[in-house]
Amino acid sequence: MEGNKTWITDITLPRFQVGPALEILLCGLFSAFYTLTLLGNGVIFGIICLDCKLHTPMYFFLSHLAIVDISYASNYVPKMLTNLMNQESTISFFPCIMQTFLYLAFAHVECLILVVMSYDRYADICHPLRYNSLMSWRVCTVLAVASWVFSFLLALVPLVLILSLPFCGPHEINHFFCEILSVLKLACADTWLNQVVIFAACVFILVGPLCLVLVSYLRILAAILRIQSGEGRRKAFSTCSSHLCVVGLFFGSAIVTYMAPKSRHPEEQQKVLSLFYSLFNPMLNPLIYSLRNAEVKGALRRALRKERLT
């Protein structure tokens, strides 16, 4: 490399500090979780594409959420499983940086898609007469494309700042994958600016969207309480509670990981929390939506019935 930057070539990822038998068990569990993530989100995406009754803005964005969850998990889980099965857990420097970039980008996309989904529920419940104009297919397409493009552009900012740092060791990160705060500890230079940018990005992409979601749902709650029909109120609560569960899991774990004072959460606890945030959320999202959503369950039953008839 040019200039005074020194680059390490390989990075060592720590192994789980457990015996061989438990390591095999963990490998099996993580493989099962990853398989459930692929199957669950794949089924959600497939049902939404195939069932014309689900061709609505809400399920359009839910299909994007399924794509994000599959991409998010596929970014690091296969490498983590490979490291569990091998004696040496290493990753080259630039693939590690790319893993960090994709980790941030997909997390940003999920934040924005969840905000758009809350706006969709707000428009549907609070402004039903204007819903078709507020959430036309053109608007939905623009919101979806903007969420993806903006998220990847935002993830480029910390990536460029990371690549401007010299990396001369140590060669081991104290994390199970290339998480950005752990990667920064490999730099042999002051990372103050990087940490400030990461915190500012967290405020912008976590706190800001979360406030928008909460405001939307306060308005939604007030509108639901005014609904006269018990069936209509139940359906609205069911749909919104599913979305709130996903929002709580995602934003809650992310804010604790990246914005809570580090003294209150030791590094080992943060590793476990980050693992939960990155491994379990993508698996739980389709379960939450399929178990609590009558329309998704109905579409799944129709698909299974059609399969049996053929």
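Cβ atoms are placed via backbone N, Cα and C, with glycine included.
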Exercise. Are LEU84 and GLY298 on one side of the membrane in Swiss-Prot?
Worked result: no
Problem set entry | Mapped DSSP class for CYS96 (disulfide bond), helix or strand or coil | helix
Exercise. When neighbour density is defined as the number of other C-beta atoms within 10 angstroms of a residue's C-beta, which of the disulfide-bonded residues CYS96, CYS188 has the lowest density?
Worked result: CYS188
Seminar exercise, completed: Per DSSP (helix/strand/coil reduction), CYS188 (disulfide bond) sits in coil
Exercise. So, does the transmembrane segment (195-218) come close enough to the transmembrane segment (25-48) to give 3+ Cβ pairs below 8 Å, pairs being at least 6 apart in sequence?
Worked result: no
